[in-house]
Structure formats: C-alpha cells, structure tokens
Amino acid sequence: MLSLVRSMWLIFLHMFHKRETFQYPEQKAPLPARWRGRIALTRDPDGGERCVGCYLCAAACPVDCISLQATEDDSGRRYPEFFRINFSRCIFCGFCEEACPTYAIQLLPDYEMAEYNRQNLVYEKKDLLIDSEGKYPGYNYYNIAGMAIRGKDKGDAHQEEPPVDVKSLIP
Amino acid sequence: MTNFWWIIGGVLFALLNTAAGLIWVERRMLALWQDRYGPNRAGPFGLLVVLADTIKLFFKEDWIPPFADKVVFVFAPAVVMLSVLMSFVVMPFAPQIIVADLNIGLLFFLAMSSLGVYSVVLGGWASNNKYALLGAMRGASQMISYEVFMGLALMGVVVLSGSFNLREIVEAQKTVWFIVPQFIGFLIFLVAGVAETHRLPFDIPEAESELVAGFHSEYSGMKFGMFFIGEYLGITLISGMLVTLYFGGWLGPAFLPPVLWFVIKTFAFIMLFILFRASMPRPRYDQLMEYGWKVLFPLSILNLMVTAAIKLWLNT
Amino acid sequence: MPIINIDNKTYEVKEGKNLLEACLSLGLNLPYFCWHPALGAVGACRQCAVKVFKDEDDKKGRIIMSCMEPVKDQQRVSIEDSDAKKFREQVIGWLMTNHPHDCAVCDEGGACHLQDMTVMTGHSYRDYHFTKRTYNNQYLGPFLNHEMNRCIQCYRCVRFYKDFAGGKDLDVFAAHNHVYFGRQQEGVLESEFSGNLAEVCPTGVFTDKTLKQHYTRKWDLTSAASVCQGCGLGCNIIAGERYGALRQITNRFNSAVNGYFLCDRGRYGYEFVNSPQRIKTPMVYHGPSELSNGIPVLQHIHRRMKPGKTIGIGSPRASLESNAVLKELVGEENFYLGVSAGDHDLVSLALKVLQQGPVRAASLQEAAAADVVLILGEDLTNTAPMLALSVRQAVRRIPVEEVINTVHVPAWQDAAIREAVQENKGPLYILNVQQTKLDELAKGAWHTAPDNIARIGFGVSHLLSDKMPEVTGMSEQGKAIAAEIAEALKHAKNPLIIAGYGSGSEAVIKSAANVAWALHDLGIDAMLAFTVPECNSMGLEMLGGHRLESAVDRALNNEADTVIILENDLYRRLNQHRAEHFFDKVQDVILLDHLYNPTAEKATIILPAGTFAESDGTLVNNEGRAQRFFQVFSSNTAVQESWRWLLQIAAANGHATLSSLKHLDEVVSHIAVTCPVFHGIDTLTPGAGFRIAGQKVPREPHRYSGRTAMQANIQVSEPKPPEDPDTALSFTMEGYRGEPPSSMIPFFWAPGWNSVQSVNKFQTETGGPLHDGDGGKRLIEPHPNGQTPFYTEVPEPYLPLTEHLLLVPLYHIYGSEELSVHTPGIAERIPAPYIMLHGEDAKRLQVANGHRLHFMDNGHHYTLPVIINNTLQQGAAGIPVGLPGVQIAEAPQLIKV
Ligand code: SF4
Ligand code: SF4
Ligand code: SF4
Ligand code: SF4
Ligand code: FES
C-alpha cells in the first residue's frame, strides 16, 4: 500500500523532470548506427554489386515485400535482374538484412522516406543500389564462395587449393 | 422554472465540455508524468487536439460488424452516457446549483451509476466476439462486487449526516469534512469509484494487453466516442461525489464563489485519477475480486458498524 | 512381418527391407545420401548410421549403416542414440570441410538434400580451418550445369547414369579425396535421361540448366500436378511457374507410371509455354479482335458457324475435354480426328487390340518387371523414352532373381548384386529397321523392313500356337530368329511385347498382338505395350471421329465452309499440298492454339488457347490410363483452356447441351455420362468443391515470397489473387498445409525435407505407392471372355526394288515432337534433316555421306542430305519424322529417286 503511494509520489515528481521528446521536424533525433531504417543494396570493396540474387531476403521477409529475379553475367557472376521493395508494406524488421549471406541488403539510419503517393514507395534496384559498402566494409562474398567468376578462377578464393588434376593418381 | 432550465443547460454544457477537455488534460498530464510533452501541436498548448479528436470520431466509418446484434449494439453506448448524466441530476454544485434536490439523492446516485454496468454487458454481448464477451463478463462481476461496499462505505456518511439528501450532507460538513471521521470510508469509496468507472488500475474489462479492448473491441466512430466520453463523465462524477461526500462539496473560504470551490476540488480528484493511471499496474482479475470481497467488503462493514456505534454512543 | 524396436518403441515392418527403408517408411527422420529407393544401397556415404543392440541388456550397442542392414525380427535399434547422432554429425562435418560456401549462388539451395541433412544432423559450424579442395567444371550440354566443388562423393550420379539408365559417358575419375564425377572430356551428356541427375544428385553438382536461365527457388514456384506432353506415355510431372513464365518441370512420383524419373524431352521440353510465338489475344483476320468491327470475337465465330457446313478437327495434343466439347459442338458427323492417316490407322488398331483382345496393356512399372521382352519395330529410346528405361530394368530381372536365389543377398544390396550379375542379361529381342540404343542389351537384335518384322512376328506366333497360319516363304535366318524368340517366350512368366507407331506398319502391330495372344492361350501372363505418338493420341482415338482425309475431301467438294481446328498444325498431319488445297477451299478457319504456326497463317479467327500449364484437363496415355493435369498458373491475358473457349462458343450459339456447362467438373461429368468409354474420368481427382479442413490446397509453398512486391511496379495495391473455379487448388499460399490427395499434389515438401527426397513422406513405403494410391485410372481393360481374334493375313516379304526406295520413318527424341523443339536446349540437339541409306544403296545411287539426294513423292520433289547407316534395311530410306523443316508426312511408302 505504501509502495503504491510512494510510486505515485515519484511519478508525480516526474512533472518537473527534463522532457525526453525530440520536437521532430525542428529537432532531429541522433540515430544509432544499427538503426533499422531505409534499406539499401550495397557494393563489395571492388565496386561490384554484392547482391547475388539468392532470394533469401525475399523468403525471410514476413510481409513478402521483396521481389527480385536472379540472373548471371557471362562469367557466371550472379546479380539481380530486378530488385524491388514495396516500402508501403515494409515493417523495417530487418529480417532481410539478417538473412542476407552477402551483406548486400542493409538497413541504414534514415527514416525520412514518407511519400504522399503510395506508388512512390515502390523502390526498384536503381533506387536501392548505393555506392558504398554500408556497415560491413571489406567483405566480398565471391572471395569466400567456390564459384568462379571473372578475375577469380577456381582455387583463387580464400583458403582454396588449386583445382584437382583429375588425371593424376599421386596421393 | 426558467432558472431550472438554465441550470440543466449549464450543467450539461459544463459537463460535456469537461469530458471533452479531459481528453486533452489526460494526455497532457500523462505525458508530463512520463517526461513527454503530450499533444502540443494543434492550437495553443495543443488544445485543438480535442477538436481534432472529435472530428476524427465523427468521420470514422460507423461500422457495425455483420455478426453483431444490431439493436443492442447501437443501444449499449447510449446507456453509459445516459446513466452517468442522470447521476449528475442530484449533484449539488453549489447551494443553488442543483438540478433536483432529492431527499434520496444518494440512493438515486447509487441506482443510476449501477445502471452503467448494462452498457458494458450489453456492448460486450452484442459484439458477438469472444474478447468483448470476456470483457463484459469481467465488467459485470467487477462492478457488482464493488457496488456492494461502495454503498456500504457511503452509509458511514449517511449515518453521520443523518440524511440521504446530498445538499444536506454537504451542509453537515460545515464544522468538519467527513474525510476526517470517515477516512476509511473515503478510501473504500475511492477504490470502489475507480473500479466503478473501470479506470486504471481497475480497467480489467478493457485490459488491452489481454482482451484487445475488451467490451468495446468492436466499436468505432461515434459509438466508441460515447464509451469514451462516458468514461470521462464517470471520472468527473466520482470525483464530484468524493468532493460532495468527504470534502465538503462547495464549502470553502468565502473569497471564492462556492461553485468554484467545488470545481477546484473536483479537478484535483480528476488529477488523482490520472495519476493513478500513470503510476499503477493493473492487478490480475482474481486479485481484484479477492481484494474486493476479502479486504474491502469486511472493512466497509467494520467501518459502518464502528461509525454507527460511535454515533449511537455519542447520541446517548 | 518382423517386429523391430526403434528407440524403445516397437514397430511392425516389412520383410526384405533394409533398416533405413524401414525407418523412412515408418515416417522417422534418418539422414542418408547414397541410398536411393530406385537404385538400392551401397553404403558409400556413412550418413545413415544407427546403433543396434544385441538384446535388451546390451547397453553399449554398435554403430552400423542402416542402409546395409536387413531388418530382423526382434532387432533393437536406436536412431536417437548419442553416439549415432554424433557419428552422423561428424560425417556431415567432414563433408563440409571441402564443401564450398555456395548456397547463396547454388541452384540446389532451398531444395537441397545436403542442406536438409546438415540441418537434420545438427551440424552448424565449420570449425575446420585449413584449405578447401576445388575442381574445374565441365560443359555438359544444354541441359545440365556442372559445379563439381559441391560433390560429396555419394556416387549416386554414376549409379543412376551408368547402372540404371545405361549411359556411357559419365564416370568417376581420379582417386582418394580427388574423385571426380564427369565426362572423360567436356561435351554434351548423351543419355536421354541425363536430366534426372539434377534430382538424383543430392547436392548442387548437377542442376537444371534451363531453370538457371530464369532461376527461381523451389519455395517461390507456383506449382501444380501435371502430365508430360512429350510423348504418349503420360509421365507425371510437377510444373512450376513464377512471374507468369513456366520455370521448371520436375518428376512427380507415380509408382505405376514413371516412378522417380523422366526423360529429357519431358523435363526440358516445356519452354514453348514461354515462347515469343505464343498467341495471347484473340485475332480476327490477323488483327486484335477489337479492331474487327468492334464485335466480340465470339459473335464473329457465331456468324460463321453455318449448320451442316461447319466441321471440327480435333487434336491428339489437346485434352480430352477440349476434343469432346468440340465433337459435341460441331456434331459427331462433322468431327474429324486431327491426325495423319498413318497415325490414325496405327493407334486405332492398337486401341482395338487392347480393347478386344485378352491381353492387358502394361504400365511402365509393369514393363520394368517383365522377364522376357520382345520389341517389334520400335526405337523405344526415341519413340517412348521412358519405356526404354523400363526395358533396361526388365532386362536385369532374371539375372537379379538368379543372384538373389543363389547368393542370398537382398534385392537392395546394389553393389553386391551388380558384382554377382556382371554383364548377365535377361532375354530381350529387338527387331527394328535399323539399330537402336537398346540393341546393346539384347540377346538378339535384327534389322529389317517393317513387313519382314511383321512376318517374323507372325512366325513366332505360329510357333507358339498352331491356330496361327504358317508364314510361307520365310528365309532360313527368319525361321531361326522366330524359333529363338518363341523358345524364350515359352518359358517366360510375364513376357512383354512392344510395338507401336514407330514402325509405321499395321502388320507389325498385328503380329505383336498375335504373339501376345498366343502366349495368353498358353496360359502365360503376357503383356502388350503399344507406343502412341502424342500425349492424348489414345484419348482422341477412344473418343472417335472421322479421318482427317475425309475432312479434306469434304472441303474439296464444297461441303464445308467453316472449319474449327483445335490445337493442331494441319501441315504436320497432311501432305503439304493437300493442306494447301484444303485451306484454299474452306472459307473460314477458326483456330484454337497456343503457338503461331503455319496453320495459324491460314486462320481467319484465332483464339488463344492455354497450354497444359494454363489449363486443366485429362489425357489418356498409351496404356489407356486417364490422368488429370492441373492448371499451373492463371495468365493475365485472354488465354484460356480450349474447352472453355468452345463452351463459350456453344453458349453464344445457344447449343442445346453445352450451353449449361461452365466448369471442369461439369464438363468432365458430362463426358463421363455421354461417352461410356470414359466412364470414371470424373473420379480421377476430387472436384472443385473438395476441401480439407474447409480449405483448398495451395499451389504455393508457405514460404512463397514477394507477393506484395511482385506486381507493385504496376500497381502498388495488390490485385485480388486469381480464383480457380475448376479445381480444389488455390493460386495462393493460403490453404491446407498437410498432405493433399495424391492425385493433386502440387509439390513435394515435408517439414525438414525441402528437396525432392521429401517424396518419402508421401509414400506408403519407400519407393511404394503414394498414400492414397497413384493418380490415374485405367480405362482399357482386356476383354473378359478370352476369345482370341488372331490376325491371319501375313504380309508379303519385303523385296528391295531397284528404281525405288522404301521410305521408313525414323523418330528422334529431340525434334520429332512438335512442341518440345521450342526449347532452345532441345533445338540445339535436333539433328539436321537427312535421308538415311544403306551403304549398298548409296553406292548404287552414287552418293556418299553429306551428298544431297533428290527424290519424288506423289509428284513432288524433295532434296535431302544423305547419311549412310549399314544397319538399315537395304532398299529402305530412313527419313526423320516431324523435324522442323522436313515436310513429308507419310511413311512408309515408296519413293522414286
Ligand atoms: S525490413 Fe522486414 S519487412 Fe522490410 S523488407 Fe526487410 S524483411 Fe521485409
Ligand atoms: S539476401 Fe542478399 S544476396 Fe540474397 S537476394 Fe537478398 S540482398 Fe541479394
Ligand atoms: S549443394 Fe546444397 S549445401 Fe551445397 S552449396 Fe548447394 S545448396 Fe548449399
Ligand atoms: S556428383 Fe552428386 S550424385 Fe555424384 S557423387 Fe557427387 S554428390 Fe553424389
Ligand atoms: S545411405 Fe547408408 S551409407 Fe549412404
């Protein structure tokens, strides 16, 4: 009983505390680096598109607002032919970033993307692809993966042996 | 006779404005106690939020779920408004400002306010939705239980003043406000009053974290608005009653007119209600019932018996 | 039945199985790689380890490979034992030391058995910090992609490709941890069944290359149960769509038909659905229909359909429903079968033999269990590829049975059995006009002209039954052959006689019937299998109609003004000049088809018909088995099923019986009632009103992605998903999540089993039938009273003529079928048009390989390059049928050089 009175008193005293509110348009909130805001597709250190069109983000998305089509260039490197996010559906849960095996899709600290026309919330690859590595500098998926692409043949990736000589029986 | 209509009109006007104004007051106060600002954009001090809210309520789609019992569904929100407004009929705002100076005023108040439970039960039932029904059932049992010792607590005041007439009860407090002799009774009435208006911490029939929005889950638009306003009117009513019964009603030093004293005191209690909401956790349903029947109920009987005994002893 | 105890629970299991099969059949989850229900067990991967205990008191137990252990009564087994679990996790851990970090770019991902098993064993982190082995890949042709890094050395690929399907050009090379699965040299994989590697390989080493062109994960496909359109065998397939294009065909297990496999024509021949030649809008005089006076196209048609002057031409590649509705729309006397005269004669004869004779038609699986096989005039690999695969299994039956009886190893002990069987083969006899791929398995293979094949067939039946006339004037060699075959057949239990459209000769079919019937008279349980050219050839023939030639005659006599052609290119059915005359004569040609073809050039009105992927319907295969195929996706164009168009035409005309029909169920029950031969086709699948727990069966997996974004570029508000009024399937991911009735399974998936291996969970036992039976219903059963109506007129022996060549049809798996050639990968493998001659004939005509030969047929000139093949009958000329650019429709016939 007394504790109730005490908590009422303490809460009453909050009347005289400093306000926590940011008066938004005039005053901007400082966002932490891992804020889940605007979604972007990043590039690897060599400037190549990081997204390999694996569809994992699309599968992870609880509101199914990502759709894409994978394709590959003449050297076998995969990339999305189109990549679309319908931000009028996105709930900024970050599951897509969590699912992405290549660090391609990232949620960035920016939330100012409101639109008057809902159609404008549909972002295509040209709206999503940025010229940066985002939060994870240095990572290049194809340096780890076993697929050969232009400039990286079999055996060139991180910790790979040169390709087996099938004709040799030497142990 | 014209005077009578003026009083009715004035009271109605004042009450409805208070209820509407409380929308803003509650939000601002809650915000203050939570280190926020609350509504502060629309109009001076954000006062126009009241207008905005009203407009919003009016323009919302007035939707009746296809599975609901239509007649009862529409009728239920009106009950809450009506019953609360009717209770105000006997409220003495000032020596002359009273709509009907009934000599059974207190009983009338008890009767009217307990009618309010119908809106909860009917609304929940008519919605034909499990959450609404659960909320309604909780509301019914909570209000019936708390009504019992609310009445019993009041009897202490009646014993002291020797009258059911609210004006006479106020006048009986000229020497000392009943808060002093009836402190226990006051506490019980306060708790019962909060429960009666199903305000936090006793908002068990709504309990949005368990029951969506309880008995009014299916309501929107102005029908929801009526529940909403009904709740604020209920707060005002209980606050007014507290003032009338325990804090000397309009009585106060003469530098302010009596009606203002009444308003100031009532407002203080409204603030208390909001502070309750800002600071107290909601008990579980079984805790609520247990608390009511096992603590408050015996306490109120004890209070009544002691009061009556003292009164008898003093009189003889 | 043995009782075994698994993890302290007792189960009754089937005798003769191994422990792995027993566990999987019970629905338990036990990881495996190298075992395959159709290939047996070799114990190569060590993944299926379990613990077995001597008795109740044995607490220690020992780890064994469950796939190598036969079930024994009172056996005590533990799957959950911690040692066994750790062992299995370790095995995956070792595999992963070399496995590439590829899942994101691997086409297997999401349907990968290795992924599933890794999750199942609980291995989650590669804590090996040394280097990974790598391999170079090979180009393997247009069908399969090769990514050797992902191999886990389970040996399934070579066991399927070499041992099961008889391929020669895939093998395992190198040694120790360097073994390599591929070809000796880069190049196209030759086997017609190579595509199955994509499903057999548990990893992403072999993946579907056509899928890669428009890659979609399994979870993103809208799929439906369908039936292959590639040939007349009716293999069951699953077709998957995404973004309005058909993306992939995979096997749909049916224990009576195709089992676990498909041929490459069926698997890859789907791309015509996405062809730019597709007809998408109704057209009147080759413009969109709106431009023609603004009258809806149905009104145009209504105005042109003059009673008595309107004829309909059906199609063997259209569904039964479409054909039946057309027949009823134009009236029985005006309905013509859209097949060439030759095909019509052959298929109707085959149908008659099956309907009136006492011998039943063999299903593919029954064929695989035959002990003696006689093939008369068929190059099965090219005319009915999956039947060839069945024959490959049948050839092993006798030797395997011998081994099982003498060495006492169970049938699933694959390696041991193969070791014991060596190259032993059961009796297979092939008579064909030239050599075939199956010849290598045959006890005897002879190459001669169709009439001679028929004569030997008659000879065999005479030896089996004296009711048959003796064949006079038979050569000594012919007699010897007939005697050898008759001797083998006499001792058979379930002999299988195969013939069909491949020889182009009715006499061959008759002789096959005679042999089977003679065997039947001897009390031997013989089976017949007749190949038919197209997916619904048999259904169309059962429906019945007039010959196409009489339609032409009717037009030439000015008795037909309007012709409605159903999904047909008449230039493939008629001699080109006849077709031209026909089209010149009729006033209006109304065509319902999906691809723009030469017939469409002549059409005045074209209605866009749905392919199998956009239609519901029924097909009848060569065995007389009616099977339902379901619409995969709903096109957002005017495309709809042919039968729906025809019903709408009927409604516009106020047709008496058809106007009231709207949906598939109504059409199917109407057909079942009006055509007694099709009795029962309304029970093939549950109707449109069928619900499980109040829900439809979803065509999309619950993980289907992107539905709030895939059309957002057009309109951000999602459109209402299409509804399916015809079937109990929904076009969305909403619906019943459990197991649907087996006739309508849209995709195989079970919790923890994302790959094709999940089919285990749908079977009564591994490799056995699906839970509520296999889809399909046999409409043709042998005639109950066994009066055998032998054919007695023996053809004259074939004698080469000096001035003429006998044109014989040669079929090609890639090229002879009309629709599959639209797949670029298949188009790559179509042979160039040719005329095949025997070396002696070539010498006589003074031509060599590659020279161009001019010849005359029906007064028209043709020129084709020569190919010399000495296995061909002398005096005959082989000509590829149906190839794009080869015009002659009729074979066999004599031509003048
Ligand atoms: S943040 Fe969440 S809702 Fe938004 S795209 Fe990513 S997964 Fe989808
Ligand atoms: S998960 Fe990453 S790599 Fe895969 S499709 Fe999405 S963005 Fe691209
Ligand atoms: S084979 Fe399976 S586990 Fe290996 S990379 Fe491909 S999807 Fe991943
Ligand atoms: S290629 Fe595939 S099927 Fe062949 S051994 Fe490797 S993993 Fe097994
Ligand atoms: S499945 Fe048993 S060892 Fe491979």
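For all residues, glycine too, the Cβ spot is worked out from N, Cα and C.
Below 8 angstroms of C-beta separation, residues 20-21, 23-24, 27-28, 221-222, 224-225, 228 of the same chain, each at least six residues beyond the ends of the transmembrane segment (B:41-59), sit close to that stretch. Taken from TrEMBL, the feature transmembrane segment applies to B:41-59 (among others).
With a threshold of 8 Å between CB atoms, the same-chain residues lying at least 6 positions outside the transmembrane segment (B:71-94) that come near it are 11-12, 15, 64-65, 100-102, 105-106, 108-109, 112-113, 115-116, 118-120, 122-123, 125-127, 166-167, 170, 216, 218-219, 223-224, 226-227, 229-231, 233-234, 237, 240-241, 244, 249-250, 257-259, 262. Residues or ranges marked as transmembrane segment by TrEMBL: B:71-94 (among others).
Per TrEMBL, transmembrane segment is recorded for B:106-125 (among others).
Marked as transmembrane segment by TrEMBL: B:146-164 (among others).
The transmembrane segment feature in TrEMBL is assigned to B:176-195 (among others). Tertiary neighbourhood of the transmembrane segment (B:176-195): same-chain residues 142-143, 146-147, 149-150, 152-154, 156-157, 160-161, 169, 201-202, 238, 241-242, 245-248, 251, 273, 276, 288, 292, 296, 299-300, 302-303, 307, selected by CB-CB distance under 8 Å and a gap of 6+ residues from either end.
Here TrEMBL flags B:224-247 (among others) as transmembrane segment.
What TrEMBL records for B:259-279 (among others) is transmembrane segment.
Summarising the annotation, TrEMBL assigns transmembrane segment to B:291-314 (among others).
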Response to the item:
When counting C-beta pairs under 8 angstroms to the transmembrane segment (B:146-164), the leading stretch of B:106-125, B:224-247, B:259-279, B:291-314 is B:291-314
Fill in: Long-range Cβ neighbours of the transmembrane segment (B:259-279) (under 8 Å; 6 or more residues past either end)
22, 25-26, 29-30, 33-34, 93-94, 97, 194, 197, 199-201, 235-236, 238-240, 242-243, 247-252
Worksheet item: Counting only residues 6+ away from its ends, which parts of the chain sit with a Cβ under 8 Å from the transmembrane segment (B:224-247)?
Response: 15-16, 18-20, 22-23, 26, 54, 57-58, 60, 77-78, 80-81, 84-85, 87-88, 91-92, 109, 113, 116, 119, 123, 154, 157, 166, 169-170, 177-179, 182, 185-186, 189-190, 193-194, 196-199, 216, 262, 265-267, 269-270, 272-273
